[in-house]
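Here is the structure we will look at.
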Amino acid sequence: MTFYRDTWAEVDLDAIHSNTKNLRGLLDENVQIMAVVKADGYGHKAVPTAEEALAAGAQWLGTALLDEAIALREAGITAPILVLGMIRPEDVVTAAANDIIVTAFQPWWLERAEKAAAASGQSFDYHIKIDSGMHRLGLKTNEEIDAFASRAASAEFGRAVGMFTHFAQADEQETSYVEEQTARFQEVADRLESVIGSIPVRHCANSAAAMRFPEAGFSLVRFGISMYGLTPSPSITADLPFALKPAFSLHSRITHVKTLEPGDTVSYGRTYTAESRERAATVPIGYADGWIRMHQGGDVLVNGQRCPIIGRICMDQMIIRVPEGIESGELVTLIGAQGSEYVSMEEAAARLDTINYEIPCVISARVPRLLQKQGRKTEVYYNIL
Ligand code: PMH
C-alpha cells in the first residue's frame, strides 16, 4: 500500500511477540490467553497484532464489536473470537455463521437471541457476563441471575460456553475491591452452573490483574495494554521480571523551516510570540490525525533533541521550535526514541490529562501504520476514506 504523506506510525510486531511471550511465562501452563484487539488493536492494527499474539502463545481474541470480530474472520483468522461488548440479540445468527462467540448479559437479551436463532435454525455460543462491581454490563442481582439461569437451561439454540467479569480497580495499590469482585464472580458463576450445568471457561483478569495476581487467572486471561508494551498504571510493572516493550511509535518529517523575528507570533489565535530570533519548523500532523490541540507545549524529538510544540495545533499541521541547522525533511519523533531521548506514551498522555491507552487509539486512520518485524517494514495499513 502506497502513501504520499510524511507522517506515519510504526508498530513493532517483535515487541508484541516478546510481550506476549513474557506475559505467557507469568501464567500457569493451563491458563489460556485472550489477546484483546478491539479498537483496531488499540490503534496498532488488529489483524497483524492478532496474528503476532497468536504466534506468540495467545489462543483467543477479544473484540468490543461484532463488526471487529467479522473483520478478523474476513482477514482469514480462525482462532476463537469473543465479542466482549453487547451485540444486538438478532445478530447472533450472523455471529454464529462467522463462528464468533458472543456475550449474554441479561435475561431479555438471551430471550431475544433465542427467538432470532430459532427463526433461522442457527445455534450460537455465548459467554455470560457477570457484573461483579464494574456496573457496566452483566448480571447483577440474584433475580437476574436466576431468571437468566433458568432461561439458559431450557434454551435450544444458545450454549453457555464461558462466564466472565471485569475488574474496576485492578491497577491500583488497593486490592480489596479486586478480592470482593473475585468472590462475587465465583459465587455467581457457581450459582449459574448449578442450574445450567458445567460451563468450561471462566475469566476475569485484564492486564493489571493477570500481572499482579497470576494465580487468579481462572482458565483464561485477557491481555490488552500490556501486550502492546504499555503498563496499565505506573504502580504495576515495578515487580515484573521483564520490561514491557512499547510497540507503537509516531513520526513525521519537517516540511518548512523559517526564522521568527522577536515579536512574530505563531499559528491561529497567536498564542505564541517569539522572544528572540529563533527557528520554527512546520510538521505535517494535526488534530485531524488525532494529534489534538492539547499537545501544544509538549516536546517532540528532532535530531535527538527535545523541541517544543509552539502555538496552536492546526487540523493538518503544527509548528515546533528547533535549533539552528535543522532543515526541511528532518525526522520528527512525536512518540518514541531518538538517540538517548525518549517521549513515552505516558508523557504524551499526561499532557492531555489522560492515560496511555487513549493515545494510540485516537491516532486516526489518516496516519498510516507501518508494521515492522526485525527492523524491516512488512506491511502498511492505510485507509483514509
Ligand atoms: N477485558 C475487557 C472486558 C476489557 O474491556 C478490556 C479493556 C480488557 C479485557 C483488557 O484490559 P487491559 O487493556 O487493561 O489489559 N477495556 C478497556 C476499556 O473499556 N477502556 O479501557 C480499556
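Here the Cβ of each residue, glycine as well, is placed from N, Cα and C on the backbone.
Predicted, not measured: the structure shown is a model, and the values here were computed from it.
So that you can see what the record holds, here are the features copied from TrEMBL:
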type: MOD_RES; residues: Lys38; note: N6-(pyridoxal phosphate)lysine
type: ACT_SITE; residues: Lys38; note: active site, proton acceptor
type: BINDING; residues: Arg136, Met315; note: substrate binding site
type: DOMAIN; residues: 247-372; note: domain 'Alanine racemase C-terminal'
type: ACT_SITE; residues: Tyr268; note: active site, proton acceptor
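Neighbour counts were taken at the CB atom with a 10 A radius for the recorded positions Lys38, Arg136; the maximum falls on Lys38. The number of other CB atoms found within 10 A of the CB of Met315 (substrate binding site), across every protein chain shown, is 11. Cα-Cα distance from Arg136 (substrate binding site) to Lys38 (N6-(pyridoxal phosphate)lysine): 17 Å (rounded to the nearest whole number). Following the DSSP three-state reduction, the secondary structure of Arg136 (substrate binding site) is coil. Note on Tyr268 (active site, proton acceptor): other Cβ atoms within 10 Å of its Cβ, all shown chains, come to 12.
Confidence in the domain 'Alanine racemase C-terminal' (247-372), given as mean pLDDT, stands at 98.
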